[in-house]
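Some features that TrEMBL has for this protein:
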REPEAT    170-202  repeat 'ANK'
REPEAT    239-271  repeat 'ANK'
REPEAT    272-304  repeat 'ANK'
Amino acid sequence: MNTTCSLASRFEVPHATTANHLLRVGLPTPGPSLQLTMQYEVPDTADSIVFATEGNVEGLKLLFTYGFASPSDWALYGGMHQFETVRFLISQGAPIDRESYGHVWDFSFRLKCNDEEFKALSCIREGLDNDWIEDQNYQPVHKIVLHLSSENLTAELEKNPNAVHLKDAQGRTALDWATARAQLTDMKVLIYHSSDVNNMDTTGRTTILHAVDSHSYEALQIVLAAGAIPDPIVPPNLFRSSPLTSACFGGLADMVRLLIKHGANIRACNPEGRTALHTVAIKGHVECATILLNHGADLNEASMNGRTPTLPEVPWPPEFWTLGYNNS
């Protein structure tokens, strides 16, 4: 999953490429007015999602003015880099919900936002009367990896060998956190002490997906060498893309090569029915497209929703057509 920046609607599904928009519909009744809450799927190509992910505040203002979106419908997801958009939405009345609150803290602990972003998002982080760190049920081994404790990791594992299997409130092991933060030495220590490289947390995020999301090629190398499965099976209700699709989404060409080398399925579909080739087409990542095509990806192969990467609604850059013909 690419974590560059984004906002999604309040009831978005938990992955980077789709969201469910909240629609409030007022129905006339003879008695008191009735407000029904309905949901429908909004693709990541919708103006509301595109404007938010690009930080297009003026575009969002237009949507709000004409009633195509409402500030009260939005919650934070993805990366933290569009904090000006976040502050704009809050200024327009967007409520601070538990999901947005949790994402800000989680991204900061996974080192996905810098100090400026972390400070700027204090409007969300301090918006609820909660103790997020306390709520995570971190064990001593987690606290060491997260630099919440000054104890020595090796000493802790020698004292408590079972600590590598302990999970926090999100179902994450210390290795998951070390991988997400690309703390390579800690990763090696935890793997040496038999930590599971195929753990899955409560949201469907696996250890190998943490490696991809860290954008650290070395972290991905370490978990794959230790036996991480390149195509973990995730329950469909958790809406997670494969590590390969996530690497393609981020344009991480070296990771794409490495995952394919270890047997990643290039034809696997994400929860929206898109293949990795669809993903690079939409994102415009030419180098990743070249890699996929050179390893057998087919421009004319439809995803499970019946679309092919050559359909008009997929905005291929001109370079992709050349690649496709050269590999056909």
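Using N, Cα and C of the backbone, Cβ positions are placed for all residues, glycine too.
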Helix, strand and coil residues within the repeat 'ANK' (170-202) as assigned by DSSP: 16 helix, 1 strand, 16 coil
DSSP residue counts for the repeat 'ANK' (239-271), split into helix, strand and coil: 16 helix, 0 strand, 17 coil
For the repeat 'ANK' (272-304), residues assigned helix / strand / coil by DSSP: 17 helix, 0 strand, 16 coil
